[in-house]
Structures are given as structure tokens and as C-alpha cells.
Amino acid sequence: MGSLYSEYLNPNKVQEHYNYTKETLETQQTSSRQVASAFIVILCCAIVVENLLVLIAVARNSKFHSAMYLFLGNLAASDLLAGVAFVANTLLSGSVTLRLTPVQWFAREGSAFITLSASVFSLLAIAIERHVAIAKVKLYGSDKSCRMLLLIGASWLISLVLGGLPILGWNCLGHLEACSTVLPLYAKHYVLCVVTIFSIILLAIVALYVRIYCVVRSSHADVAGPQTLALLKTVTIVLGVFIVCWLPAFSILLLDYACPIRSCTVLYKAHYFFAFATLNSLLNPVIYTWRSRDLRREVLRPLLCWRQGAGVQGRRRAGTPGHRLLPLRSSSSLERGMHMPTSPTFLEGNTGV
């Protein structure tokens, strides 16, 4: 075991594994690769900004301090960190990769695994909450906040353990024949384990949403009404986006496990599949905010306030003698202008469309 960890600081180990698992190494920054990297960085910046807006909206309004919005805030936090991790992963790729030590490489890939798995567990928690709220016709009360926080903490703990297993020893250092082609320092069996866990979670989410769909379709008095169609649309969008974004990445990792070394050239382009999976972190806040009128207004409020402040500053700079500038409205008047109902529509199943 000591000899295994002694290789973690070996500067030649990463190049050795890449030379063994790949026929060619893309170490030169071609123009197409630079454009792709720039696009990914811009995409991840958008992920960070929109999820930060969701976190601000949930934190500043006590109306959103309930079970559903705690899960939503946790999803936004994991997606935000996933965007940051993927930016770091992109900037440390290419020619920089071969200059990394194994411990640096494990930190680069492990951070992405931790945050992306936390996003998946958050989606599962939201699906469970929606099932309880709709199938059981029941909402969590404020007295269950401690239980919700424990569930969120457990999801992060599981994600940390799952993403940290390679750096703790479940890797292929010293066993090149067991290495993954997509992730050359990860053991193939570890990759299979992760894909299996994510696939089980995917199936569980599918089963929960199918159950919700059946309950809504079969209900007459409890959940039927004008909310039904909007809820079915939300379920379909969430489920469809999750499958579309993650299924290609799961498939490429399963192919990685099944293919012998250097026998499947498509594995050399696996980073495109992971980049596509990251779109899930971009679309999650769009789905959950656009389908909730209250949350959408709260998310857009900082942007509206910034725009209003910029407009007032512009009028002051362009003001002429005798031109009267209107004072900024107080926060209370702004809230009256953006009045939100007492009961959050998202919690009640009304998506506000």
C-alpha cells in the first residue's frame, strides 16, 4: 500500500498511463480545440451565474425555506460547483494534463465526479419529494427541516466518498491492464461501479415520475384540475432532459468498460459526451424556475434592480437643468410591484403557466 501512494507524486506517471491507453495524445492546442475550450468555459460561467441567482433567491426569501426549496437550493449549489469544477477540468486539460502528478489528476477528475454525482442525488431527492407531495397528497412541514438537511448532508457525504475512492486507492496505478481508456488512471471496475449507481438512480427517478404521472392521470378530486397539465409538462421536461443529457455519458463509460485497450477509437472523444452531460447543470435551474412563477420573479429581481439602477445612473449623467430625476423606489414598494402570493405555487403543484 505504501508503494501505491508513493506514486502519487511521480510526475511521469500520468504520461505513462496516457501512452498506454491511447494511440495518440492530443497535447497541442489547435484552433478547433481552443474554440471548444472557450465555448465550454463560457457555458460553465453561465451555469455558475444562473445557479447563483437561484441560490440568492432561495436564501433571501423566507417563503422558500421549505423542503422543496431546500432540495432546489442543494441542486443549484451542486450544479454551480459542477460548473466551477468543469472550468478547472477544461483549463487543466490538453498539454497541461501530462504535466500533472497523479494526485493532481485525481483531484481534477474527482472534483467533477463529486459535484456531478451530487447533482444526480439532488435530482433523486427532488423526485422523492415530488412523489410524497403528489402521490401521497402531502407537503412537508417546517418541523421536517432537520430531516431534509440530514438528507442533503448524506447526499453530499455519499458523493464525496464516491468521487474520492480513486484517490483513496481504488485506481489502476501499477496495473496498466486494468485502466480505463476515458480516464486512464481510473480502474475500469470503478468506472463500472459509478455507471451502475447512476443507472440505478436514473431508473429510480423514472419509476418515481411514472408513478406521479399515473397518480395525476387517475386522480379526480385531489390533484386534478388546471394544475394537472402543467405538472405533467414539468415531469416530462425534467425526465426528458435528464435522460437526454446523461444517457450518452453513461453509454460511453459502459463502452469503456467493455472495450479492450485501444480497440474503440470513439473513446478518445469521450470529453464531448461529458461536456454534453454538463448541459444538465445548465438546464436544471431553467426548468425549475421557469415552471414556478414565484421563484422566477425572485430570481429575476436582482437583474431587474440592477437594470433599474443602471437606468437611473444613466439619466443622472444625461440630466439637463430643470430635468427632475425620479427617486428609486424603496424595497417595500418594489415588493408591492412584484407581489407574490402567500403560498408558493411550486410547492402546491401549480407551475404558474
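Cβ coordinates are placed from backbone N, Cα and C, and glycine is handled just like the others.
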Match it up for me: which of 14-33, 314-333, 334-353 does TrEMBL list as region 'Disordered'? 334-353
TrEMBL annotation, disulfide partner among Cys172, Cys193 for Cys179: Cys172
Recorded disulfide partner - Cys259, candidates Cys245, Cys264, source TrEMBL: Cys264
Length of the line joining the Cα atoms of Cys179 (disulfide bond) and Cys259 (disulfide bond), in Å: 11
I'd like to know which of the disulfide-bonded residues Cys179, Cys259, Cys264 has the most other Cβ atoms within 10 Å of its Cβ. Cys179
Determine the Cβ neighbour count for Cys172 (disulfide bond): the number of other Cβ atoms within 10 Å of its Cβ. 22
Can you see whether the transmembrane segment (35-58) and the transmembrane segment (189-210) are touching - at least 3 CB pairs under 8 angstroms, only pairs 6 or more apart in sequence? no
